[in-house]
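Now, the feature entries from Swiss-Prot:
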| type | residues | note |
| --- | --- | --- |
| DOMAIN | 6-245 | domain 'ABC transporter 1' |
| BINDING | GLY38, GLU39, ASN40, GLY41, ALA42, GLY43, LYS44, SER45 | ATP binding site |
| DOMAIN | 262-507 | domain 'ABC transporter 2' |
Amino acid sequence: MTEPLLTMRGIVKAFDGVKALDGIDLTVRPGECVGLCGENGAGKSTLMKVLSGVYPHGTWDGEIRWEGAPLAASGVRDTERAGIVIIHQELMLVPELSVAENIFLGNEITLPGGRMNFAAMVQRAEELLRELRIDTINVAQPVMNYGGGHQQLIEIAKALNKHAKLLILDEPSSSLSASETRILLDIVRDLKRRGVACVYISHKLDEVAAVCDTVTVIRDGRHVATEPMATLTTDRIIAMMVGREIRDLYPREPHEIGDVVLDVRHVTCRDVTNARRKRVDDVSFSVRRGEIVGVAGLVGAGRTELMQAIFGAYPGACTASVTMNGKPLSIRSPADAIRAGIAMVPEDRKRHGIVPQLGVGHNITLAVLRRFAARGRIDAAAELDTIRTEMQRLSVRAAHPFLSIASLSGGNQQKAVLAKMLLTEPQVLILDEPTRGVDVGAKAEIYRLIFALAQRGVALIVVSSELPEVLGLADRVLVIGEGELRGDFVNQGLTQEQILGAALKPARLAAEPTAASAT
């Protein structure tokens, strides 16, 4: 067995006296891919920030050895010089710069006199992409011209340009399509063959099983186990992550489906940058009280834009006819939608769901502050009572209600956003990718909440790129393709193949909506 490239022993990191890491061990060998698994808040990101120098030596206890010698990094530059490079879940690219400029950002090739040698950077960037067998990216084009999948590949090329010996991938496929994920996994396998080690952090355990040689599981800041992937099953990994078995991920509860509460007709949205292009093209559907409607489709199909249009949040030109309980609505903003009884948990919680500068509690009450106002002042005691009640009801885990929401795990941030929207007492709740970047334990909690809301008569629209999630939750499934409604199916014996078939059909061949959506 080869000598370890990296050894972390007894890593302890505390914040305000509370241990986020409590004696964590991690070993990685050259050419090995180690899966790092744990629930949101388990300490995975904190451990990687220790390793990558975000938390410098001296701010944590324990030992890190790199290539057999102690590593005492004072910052990220030190670890990158050593060959440790992290690719964060939120990509660190500058959209306006070219692909080549991003690959060399902070590591530019210069000419005598200090001017940048753009020709050399373009040539080397092209070489790096060829090494990764990527031929679909023009290095002279701005990064903004490429989607999330290509941007992830650009980040990998950027890491290799820093001569990475250990590549840390933090939820690398969270915004990728299935085909883009396959390309990513092929690249990870190729890097392993070249001797590059990887730490692969993901809640998608099928990906962990596909590329990882060993798996390290941490829970509540402690090391649980490190075992060869060949000896593990996904159920076993989940049990180690959460400390219990999750037997029924989709606990379908009987719920009565009533009359139509929301009716949407002829939604059409124009592209923000090209008004001749339609992002949503004449979509009509309805949702009944207590019904869970899943919305499926390929990335870029227009699902999010459709939901934004209903919620009054679409940034471009949009036309639609919307009625609630038979009464016409005029929705020009999210505030109008909330007043009408429509709430939405957005796809990108960090940009549109939370205010990172505020605490957890103030994020939760943000949409209903008027409820606590009296004579121009906020009743802080009443607000705090509500915050504590909602945090307990949705199991939002935070040391105290005023802790910065930015410091919480993705799962706890998502539950805080849900709490905020539920305080508006909606009749219709739109959930756009509600479990993206959320661990399996938090997923189960969110699913239970969805079924509980349906039992209370709330109409739910759940947009998801995960077809098992759509099939596990929905009473009915809408399929969107190229901005059009390609299918409307009752979820009885429905398969993933049927959904994908509808999504991929050319518009003129797409099936007409079934009677499932008839009012």
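Quick reminder: no glycine exception, Cβ is built from N, Cα and C everywhere.
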Among GLY38, GLY41, GLY43, which are binding-site residues, the residue with the most C-beta atoms within 10 angstroms of its C-beta: GLY38
Cβ neighbours within the same chain of LYS44 (ATP binding site) - under 8 Å, at least six residues apart: LEU36, CYS37, GLY38, ASP170, ILE201, ILE218
Non-site residues, in chain order, whose CB comes within 8 A of the mean position of the CB atoms of GLY38, GLU39, ASN40, GLY41, ALA42, GLY43, LYS44, SER45 at ATP: THR46, ILE218, SER409, ASP439
Neighbouring C-beta atoms (10 Å sphere around the C-beta of GLU39 (ATP binding site)): 25
Segment-level pLDDT (mean, integer) for the domain 'ABC transporter 1' (6-245): 90
Residues near ALA42 (ATP binding site) in space but at least six apart in sequence (CB under 8 A): ILE218, ARG219, ASP220, GLY221, MET241, SER409, ASP439
Nonlocal neighbours by CB distance (under 8 Å) for ASN40 (ATP binding site), same chain, sequence gap 6 or more: SER409, GLY410, GLY411, ASN412, GLY437, VAL438, ASP439, GLY441, ALA442
Cβ atoms near SER45 (ATP binding site) (within 10 Å, other residues, all chains): 22
